[in-house]
Every structure is written in structure tokens, then in C-alpha cells.
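Below is one structure; the comments refer to it alone.
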Amino acid sequence: MFDFWVGPFYVGFFGVTTCLFASLGIALILLGTALGPTWNPLRINIAPPDLSYGLGFAPLMKGGLWQLITICAIGRFCCWALRQVEIARKLGMGLHIPFAFSFAIFAYLALVVIRPLLLGAWGHGXPYGILSHLDWVSNIGYQFLHFHYNPAHMIGITFFFTNCMAFGMHGSIILSVLNPGKGEKVKGSEHENTFFRDVVGYSIGTLGIHRLGVFLAISAAFWSAVCIILSGPFWTRGWPEWWNWWLQFPYSFVG
């Protein structure tokens, strides 16, 4: 069904459902904006229901829009991943792309479904809006005193930064060998490998860097999801207090 192309884009069944979910979600956001106090793109806010509604359905303008938009977003993301599966199978490729994308979906679900379910109310979900979302992040940080002390957050941020560094190095080495000076020949992979062996003593290779990149990216998404799921459902105190175990550690050098 819908097995055709529009220009270079493959449509497919899940392409159609992706467009339907996306269109409905955008329409609901515009509806919430039209009924709200402002059209300022920075201040548009689609808030989750009040905590008093628990895990039930809320009235449209009291969080119901947020619930419907969330359903549309989940449907759109899942259909997009299934579209990637469909295209990969047609081309005889592996399913590495939808597999990696599924970790991004998991990170989103952690914010708007998994954590609210564990805490017993949809009101614990993240709002939709630029400034409102930043305020929500800030409030979560203050709620746990110093969120940067969250060990899962530390691991996630480490993977994010390492991913940026790895692919910054990868992209720059590709550009450097393919853009030689005037009168010089284009260099090959042997020059790439030699450069990194000279600089850091080891070259992971052209295939290895992409395997590493996938690992770093999905690890960053996974641990970012874990860090927010832990905060509230499994740990309610300030995150600096979690590290008190180190003070009682037999081989601690502190104190």
C-alpha cells in the first residue's frame, strides 16, 4: 500500500501515517496556541495536566491537548522508525538506522510517558514550548539540588561530548585528505590512519569510526533517558547526597 515515490522520497504506508500523525499534532499545537495567551514562539506553552488528574484524561484546555499531542508525537516517531525499516528492507540493508533511532524514541518516552507513569501523574511530563521546557529543566535541576551530580547524567553527558569530539575529528580528517593544497594529490585512507597513529597512537579505521559513532550516540540517548527516569521514581533526595556512599567506602581517600 502506498508503494510509490514522490520525487526522490519514498512514501510507503508508514510515510503516510507519519504525515497524518505529524499534521494532526501540528494542528493541535496551533489550536492550543490560538486559544492561549500569546503567539510569541518563545512563549508558546502546551502544558501537561495538573497533578490532580493523575493518569486520567484531562479536559482539552487543562492538559488534554498535551496528551493528544503526545500521542501524535509517539505515533509519528514510531511510524518514522518503521518507515526506515521499510526502506532498509527494500534496499537490502541492515536495520542499524531504525535501531539507533529507537534510542531517541526511548529518550522521548522517558520524559513524557515512562517517568510520569512511575510517578503516577501525567503532570510530571515535560511541557511543549521553548521557554517553558527550559523552565521545566531548571526546576527539575533545583528539585534535586545539583542535577549534575546524577551519575547517569554524568555518563550521558560524557557520551554526548565524546560523540561530538569523535565525529569532529572524523569529519575534519575526511575534509583534510579530500581538500589538498594546490598542486597536491587527494590523499587516501592510509593517510588518515597514519595521521591518527602519529597523533594518538591508534587509528580505529573507516568502518570502526562509524561503529564507534553509533555506540556513542545510542549510549548518550540511553543514559539521558536513564538519568531522568531515576530522578523521582527511584531517587527523591538531592543528587549530591547520593555520593555519601563514597564517604563510607573502606578505601576512600576523603576524610
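Every residue gets a Cβ built from N, Cα and C, even glycine.
Pulled from Swiss-Prot:
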type	residues	note
TRANSMEM	12-35	transmembrane segment
TRANSMEM	64-92	transmembrane segment
TRANSMEM	95-120	transmembrane segment
BINDING	His133, His153	(7R,8Z)-bacteriochlorophyll b binding site
TRANSMEM	150-179	transmembrane segment
BINDING	His170, His210	Fe cation binding site
BINDING	Phe196	ubiquinone binding site
TRANSMEM	205-231	transmembrane segment
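In space, Phe196 is the closest of the binding-site residues His133, His153, Phe196 to His170 (Fe cation binding site), judged by Cα positions. Following the DSSP three-state reduction, the secondary structure of His210 (Fe cation binding site) is helix. By the count of Cβ pairs under 8 Å, the stretch nearest in packing to the transmembrane segment (95-120) among 12-35, 150-179, 205-231 is 205-231. Of all the Cβ atoms in the protein chains shown, 14 others lie within 10 Å of the Cβ of His133 ((7R,8Z)-bacteriochlorophyll b binding site). Secondary structure at His133 ((7R,8Z)-bacteriochlorophyll b binding site), as computed by DSSP, is helix. Taking the C-alpha atom of the residue listed as 'ubiquinone binding site' as reference, the shortest distance to any of the binding-site residues His133, His153, His210 belongs to His210.
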